[in-house]
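Peer 1: Not my notes, these are from Swiss-Prot:
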type: TRANSMEM; residues: 5-25; note: transmembrane segment
type: TRANSMEM; residues: 63-83; note: transmembrane segment
type: TRANSMEM; residues: 132-152; note: transmembrane segment
type: TRANSMEM; residues: 170-190; note: transmembrane segment
type: TRANSMEM; residues: 253-273; note: transmembrane segment
type: TRANSMEM; residues: 283-303; note: transmembrane segment
type: TRANSMEM; residues: 329-349; note: transmembrane segment
type: TRANSMEM; residues: 356-376; note: transmembrane segment
type: TRANSMEM; residues: 379-399; note: transmembrane segment
type: TRANSMEM; residues: 416-436; note: transmembrane segment
type: TRANSMEM; residues: 484-504; note: transmembrane segment
type: TRANSMEM; residues: 526-546; note: transmembrane segment
Amino acid sequence: MAAQGFLLIATFLLVLMVLARPLGSGLARLINDIPLPGTAGVERILFRLPGVSDHEMNWKQYLCAILGLNMLGLAVLFFMLLGQHYLPLNPQQLPGLSWDLALNTAVSFVTNTNWQSYSGETTLSYFSQMAGLTVQNFLSAASGIAVIFALIRAFTRQSMSTLGNAWVDLLRITLWVLVPVALLIALFFIQQGALQNFQPYQAVNTVEGAQQLLPMGPVASQEAIKMLGTNGGGFFNANSSHPFENPTALTNFVQMLAIFLIPTALCFAFGEVTGDRRQGRMLLWAMSVIFVICVGVVMWAEVQGNPHLLALGADSSINMEGKESRFGVLVSSLFAVVTTAASCGAVIAMHDSFTALGGMVPMWLMQIGEVVFGGVGSGLYGMMLFVLLAVFIAGLMIGRTPEYLGKKIDVREMKLTALAILVTPTLVLMGAALAMMTDAGRSAMLNPGPHGFSEVLYAVSSAANNNGSAFAGLSANSPFWNCLLAFCMFVGRFGVIIPVMAIAGSLVSKKSQPASSGTLPTHGPLFVGLLIGTVLLVGALTFIPALALGPVAEYLS
């Protein structure tokens, strides 16, 4: 079993790096504001039609463009969900959503979280799935990538005030990266057996003679961007464990690759744009070390089995509860770590049925800010916050003004870095405390004791860090939970983007200092260790008391 797990992890990472390297070169061209071959004429036409200016923006203008697009998308999606019964492509005549569920869902998809307090096949029409959710899957992913584009430019430009043009970046990211790759993935999914139609639900007779209603819909097109954009919201309630979304072992492997593809490519692009590819490799090494350790822990915990079931005489020594038999425990463990290391949240197994330690690792990966590969754009700019913090700590230890890539890190940058890092832990801890203090929060818990608290902690951690996966034993479709999680998702997304853009605006105006004998090397194994230590100390220690009350207490009981 250990050899199989090692081979699975090694194969996954090897294929991932091979695919991400050329994509990283393409992203580097876009960051350097170099149009891809044959696209310049199309871009000019698309900008001329609505009269959008392609002049460079300062950080405030860039931020306002990103926020404006997302707020408009939030309003449109909210009203679309409220009135979906008036809109076309609704063969099942599904009614509009309640205001609190519509708000939660709109915020969820605009913030790239894709938390779902509903069952897709019984709640949303085809129009809502396509024109509402799928569109936001593209736009939220493009928004995250655009923010990291601006931050990378801040390190490579000197004595400037501009970071690029948000509309140009959003257009190029969507048209030349997300749409083509998602189209290829969608066609592959269709070839493998995923659904893509507009038919009404089909009544069929089962082998037992009973009648069953099979949901239909344009699944493959949404499934592709759901994974590529690290969105994670399933067309069906069972998400990627549903055979209509994820029909074969091959589609499952491609889904995992799609989740990590752009975050990995952005690391390669970062090294290429900064002129030192070792910087990108340093980030990948730090992420990969944490990732491999986490996968190993989850695999070990799930192979050991559930002690409570073993005590009752379970006929298997491994924990197969809540897992698809066609995928097995090792693949389910790898997928769980992939989807929570990134801000994806898609699942092929029920995380609520994992062992105490097996479920704690995905929760912890979210709580550290999803900086281990992370979401498209958000993972890298989240890790860059820890890089700046690690550089600052190292500067204090050696008595030098901290600097990174030649840019001095001053008080303003460190205040903004601390603010950005503290946003999500504050939301998680205060949100969990509020839920446990109120009857409305506690009434949603379907399990008592430490596991019930783990369900609450996981939900708030998932929302605040824009993941979207859940311990499904929490009945979250209530006004209290819909509003609480919507607030956590909104602030967790934009409460980090705003200080990140402010940091970019500060760094881009500085001159780049040449490296000297006293400059801290930020590309070697020493800095990789320092960065991992910073993530563990700052990102993880915050949650030790909460984890002790939940999964740790469950493990020891």
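Glycine too: its Cβ is placed from the backbone N, Cα and C atoms.
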Peer 1: Cβ pairs under 8 Å only, please: of the recorded stretches 5-25, 170-190, 416-436, which one is richest in them relative to the transmembrane segment (253-273)?
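Peer 2: Comparing 5-25, 170-190, 416-436 against the transmembrane segment (253-273), the winner is 5-25.
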Peer 1: Counting CB pairs under 8 Å, which listed stretch among 132-152, 329-349, 526-546 touches the transmembrane segment (379-399) the most?
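Peer 2: Comparing 132-152, 329-349, 526-546: 526-546 has the most Cβ pairs near the transmembrane segment (379-399).
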Peer 1: Please determine whether the transmembrane segment (283-303) and the transmembrane segment (63-83) are in contact (criterion: at least three Cβ-Cβ distances under 8 Å, sequence separation 6 or more).
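Peer 2: Per Cβ check, the transmembrane segment (283-303) does not touch the transmembrane segment (63-83).
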Peer 1: Using a threshold of three or more Cβ pairs below 8 Å, and leaving out pairs closer than 6 in sequence, do the transmembrane segment (329-349) and the transmembrane segment (63-83) count as in contact?
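Peer 2: These two stretches do not touch.
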Peer 1: Does the structure show the transmembrane segment (484-504) and the transmembrane segment (132-152) touching, where I'm treating 3 or more Cβ pairs under 8 angstroms (sequence separation 6 or more) as a contact?
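Peer 2: Yes, these stretches are in contact.
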Peer 1: Checking distant contacts: for the transmembrane segment (132-152), what same-chain residues at least six beyond its ends satisfy Cβ-Cβ under 8 A?
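Peer 2: Same-chain contacts beyond the ends: 30-31, 59, 62, 66, 69-70, 73, 76-77, 80-81, 105, 109-112, 114, 124, 163-164, 166, 169-170, 173-174, 177-179, 182, 221-222, 225-226, 228-231, 233, 262, 266, 269-270, 273-274, 375-378, 380-381, 384, 497, 500-501, 503-504.
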Peer 1: State the non-local partners of the transmembrane segment (356-376) in its own chain: residues 6+ outside its ends, Cβ under 8 Å from one of its Cβ atoms.
Peer 2: 112, 141, 144-145, 228-230, 260, 262-264, 266, 287, 290-291, 294, 297-298, 301-302, 319, 333, 336-337, 339-344, 382-383, 385-386, 421, 424-425, 428, 451, 454, 457-458, 461-462, 465-467, 469, 471, 535-536, 539-540, 542-543, 547, 550-552, 554-555
